Structures are given as structure tokens and as C-alpha cells.
Amino acid sequence: MIVPIEEEGFGEITDNTRELKEGRALLATAQNAPYRGELTAEIKTLTPEELIDRWGLKDMKVIGVTGTNGKTTTTALIYSLLIDLGYSAALQGTRGLFVDDRPIEEKHMTTPSILETLWNMKRAKEAGAEYFVMEVSSHAIDQDRIEGLDFALKVHTNVTRDHLDYHGTLEEYRRVKSLFFSDDSLKLLNKDEIKSITFNPKNAYTYGVEEPATFKVLAYSLQNGISAVVQFRQEQEAFFSNMMGLFNLYNLLAAIASVKLLTDRPLAEICDVVENFGGVSGRMEVVSAKPTIIVDFAHTDDGMYRVLDSLKDKDLVVVFGAGGDRDRGKRPRMGAVAGRFAKKIYVTSDNPRSEDPEAIIAEILQGLKGKEGVRAIVDRREAIERAIDELQEDEILLILGKGDESTQEIAGVKHPFDDREVVRQILEKQGTQR
Ligand SMILES: CC(=O)N[C@H]1[C@@H](OP(=O)(O)OP(=O)(O)OC[C@H]2O[C@@H](n3ccc(=O)[nH]c3=O)[C@H](O)[C@@H]2O)O[C@H](CO)[C@@H](O)[C@@H]1O[C@H](C)C(=O)N[C@@H](C)C(=O)N[C@H](CCC(=O)O)C(=O)O
Ligand SMILES: Nc1ncnc2c1ncn2[C@@H]1O[C@H](COP(=O)(O)OP(=O)(O)OP(=O)(O)O)[C@@H](O)[C@H]1O
Ligand SMILES: N[C@H](CCC[C@H](N)C(=O)O)C(=O)O
Ligand SMILES: [Mg+2]
């Protein structure tokens, strides 16, 4: 990556030795260390810390959220609460880069290289942001893509199972996630999932629904949205959100606690603005009210469990698949979770990428042996169409795994495909046929 830099004698900086040329400096990172062996003396290099100094980023308050699921939702909530309380904030993650509700960069990676993050922080600062809320993926921790960053707050959502294609084992995955919480930084941990990580107890706060915690939910209801009462020391306040599901109560609690720790504003003021948050696109997004069709990004067995469990008193119909070139072990587990909660199940393709879609479906079906009402349809559009055609009164259709993704990656080609758009086209076609 190459970005402009105002440096005597240099106009640009890159993090790739292969892009070096006259007038271009090199950012010396942990990631490109293996390639810096034969650097000649006249190459101007900067470390991430030096670049942070030069771009005056030291006073930017960086919030990092890591965990298997909930990062995009929790960061979006923190960002939204800060803005509604009058602060200026930036958001970087799976859905791209935003500053004060303005999209600045298309969606790219959940956590890009340190040069890209610093460049985004520079642009956010120039746009007036004082907070930089970012998702921190396990890959980024493992590859030290966050080197040099001084976090004002580190947040843990949960550590269940994903990316074992990359980390190998659950222990290794947990070890990597725990690295993020090993220093003295101010940290906020999910007390109900505290066993999933190890952490440095210095400056550690907790949030919880079941367990006693610094930020404790005293009561809650999940009927028609989420309403709850939270206690922090002597403060006790109620909040309400239109979002659905117990898992979103955790995301809300983590966000409220984060903003309290960052701003020390009265809990009442923070809880007052919770209701303004309309949710994250592609996460529990109600695409159609009648028939009820919800699109969600759940793409692990734990994510699916949380979503389906939060609707378990309804008749559920599920369309889902599993990503190719990702953790294969979760596939039968995803099948088993669907089998446990859903009345009808359409197993289809997600992003097969370089794998054979039929083979992925077969691995998911391993978790559905003996289950009635299961159909396997490789073509995702056809699976969604069949599910909608066969949907009965008072059944709820959940289309899982892709959320707000706008493409389906098959054999290296990204085809335009957006679950929500497909649902709208099918309903329109049906509407005209009725
Ligand atoms: C598997 C993986 O994570 N790969 C990431 C990794 O690539 P890599 O290890 O191949 O990097 P590399 O080619 O050795 O280069 C490392 C550094 O050395 C430099 N380099 C390289 C060669 C050279 O000759 N000279 C040189 O200086 C490169 O410019 C780079 O800065 O480092 C790159 C630079 O930071 C990332 O862009 C790349 O992410 C790829 C594109 C990717 O798809 N990663 C996915 C798996 C990912 O990270 N996903 C997570 C989580 C997704 C989620 O759950 O939401 C994410 O954060 O998005
Ligand atoms: N706190 C949570 N615990 C478990 N599952 C959750 C939680 N929050 C959201 N989910 C489920 O996981 C899905 C992904 O949520 P979200 O996009 O916020 O997670 P993420 O950590 O950013 O995921 P990714 O690492 O893929 O970017 C949601 O669509 C929902 O089904
Ligand atoms: N629908 C995607 C969701 C995963 C996105 C992200 N968590 C990643 O692993 O790239 C898939 O399973 O292919
Ligand atoms: Mg995300």
C-alpha cells in the first residue's frame, strides 16, 4: 500500500519493499521484517510509532473490539452512542470506514495492515474525529497488524469457534485472542464468557448478564426488542433497543459500558441515546414483515445458536451454507444447530470460494443426519426462492451467513449477490404472480 506523506525529501510511504522507489519511504513493520534484510542505507524507513508521531495521532482515542462474534455490532453501537452524545468518532471494520455517519472507505478487511489503519486514522483526525473505534480480528492480532497502537480501551465480546482453518486449534485461537488483553490497557471483558480468555487483571472491568460484574444487568426482557436495567456502582438505569436477541443485549451492554468508561458521562445520558441505534445492516435485518423474512450474518455455530435461540418460540425456517476456504470443523456443528431449532432447513451455498459447493453442503449435512424437512439446493437464489414459496403462515424465514455482503464468491469470481435484494426480487415476482 502506498500513501502520501509530507516528509523532507519524501512524498510517499509504502509498507512493501517491492514498491520502493526514489522519493518513497518504507514503513518498517513486523509483517514486512522478513523482506527488509537487504535494504540499502539510503532507504528512508519509519516505524509505526514514528508515523503516529508525525501524523499527530497520539491523542486519538482508539477503541479495539475483538471476539468471535459481535465485533461489527458492538463497534457500531459504541460509535453511534459517542456521536449521539456529541462526540466526533470514526468506525473501521468489516463494513468499511465511517466518520460521523459519513462512509469514507468501501468495505475491505475487518482489520487491514497497520499502514492502512494509520492512514484511516489520519483521515479520520483530519475530518475531526477524536475517537477511532475499530474491530480487531484474530488474524490481525496474530500478524501484529495493530503494532504501535495505544488503545484507550480494549473490549472482549466472546471467544467461541471460528477461523480454525488459520489458527489450527481452539487453544491457539484463544491464545491469540488473549494476547490482546495481556497488557495494562483499560479493558472491558464479558464476565459470562471470561473462561474463554486469559487476561491481565490491571485496569480490567467486566460486563455481564448472569455473573456478578462491574456493569451488571439487573433485569431484562427480550419481548418486542430489548429492554433492560443496568447497574454500574451507584448508578442504575434502564435502556431500550429495537434490536432482537439475548446476544444483542451483550453487545448493547458492552457498548454502554465502553462509553461510560471512555467519557464518564452519567449512565442516564448514555442509556437515553441507546434507542436511536437502528441496528447494523445485514445483522438481524427484517427484509420483509409479512411474510417475516430476516437476513443475518451468523456464519458460525455459536452465532447461529444465539440467533435461533432468541427466536426459539417461533416456527423457524432456515436457509444457510458455510464459507469455503474457512474453518471446516464448524460445518456439521452449524447443521446440528439448525437441526435443533428449525422446522424446515434449506442447506445451500454461502461463499464456496475455491471449494466444491456440493462437498461443503455434504459436510453440513453430517450434522443433520435423521432430521426431517431438510433440503440441499446448491444454488443460493433457488434455495431462497423455494423457501419463500413453501413458507407457511406464521413461519419465520431466516437467511443466514452473508448479512450485508453484496457478492457471492465462487471459484475465484465475485458474482453480485445480496440476500436482501434477492428476497425483494422474489417477493416482487410473487406479488405480480398472485
Ligand atoms: C491470510 C492473511 O491474513 N493474509 C494477510 C497477510 O498477508 P501475507 O501474510 O501473505 O502477507 P505478506 O505477503 O507476507 O506481506 C506481509 C507484509 O510484507 C510486505 N511485503 C511482502 C512481500 C515483499 O516482498 N516485501 C514486503 O514488504 C507486504 O506489503 C505486507 O505489508 O498480511 C496482509 C497485509 O497485512 C493482509 O492483507 C493479508 O490478508 C489477506 C488479504 C486476507 O484475506 N486475510 C483474511 C484471512 C483476514 O485477515 N480476515 C480477517 C478476519 C475476517 C473476519 O473474521 O471478519 C480480517 O481482519 O479481515
Ligand atoms: N455477542 C454475540 N455473541 C454471539 N453471536 C453474536 C453476537 N453478536 C452478533 N452475533 C451473531 O454473529 C453474527 C455476526 O455479528 P457481527 O458481524 O457483529 O460479528 P463480527 O465479530 O464482526 O463477525 P466477523 O468476525 O465475521 O466480522 C451476527 O449476525 C449474529 O448472528
Ligand atoms: N459469508 C462469509 C462470512 C465470513 C466473513 C469473515 N468472517 C471471513 O471469515 O472472511 C463466509 O463464511 O464466507
Ligand atoms: Mg465484523
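Numbering starts at 1 and runs along the chain as it is shown here.
Cβ coordinates are placed from backbone N, Cα and C, and glycine is handled just like the others.
Among R326, R328, R375, the residue that TrEMBL places alongside D350, N351, P352, R353, G401, E405 at the meso-2,6-diaminopimelate binding site is R326. N69 (ATP binding site) and D350 (meso-2,6-diaminopimelate binding site) are 18 Å apart (CA-CA, integer value). Of the chain residues outside the meso-2,6-diaminopimelate site list R326, D350, N351, P352, R353, G401, E405, H299, G321, A322, G323, G324, S349, K402, Q408, E409 have their Cβ within 8 Å of the site's Cβ mean position. Nearest to G67 (ATP binding site) in space, judged by Cα atoms and limited to the recorded positions K177, R326, R353, is K177. Apart from G67, T68, N69, G70, K71, T72, T73, the residues listed for ATP, the same chain places the Cβ atoms of V65, T74, E135, T157, N158, N251 within 8 Å of the centroid of those Cβ atoms. Ranking the binding-site residues P352, R353, G401, E405 by the distance of their Cα atoms from the Cα of N69 (ATP binding site) places G401 first.
Counting neighbouring Cβ atoms within 10 Å of each of the recorded positions (K71, K177, R326, R353), the lowest count belongs to R353. Checked against K177 (N6-carboxylysine), the binding-site residues G70, N351, R353 differ in C-alpha distance, with G70 being the nearest.
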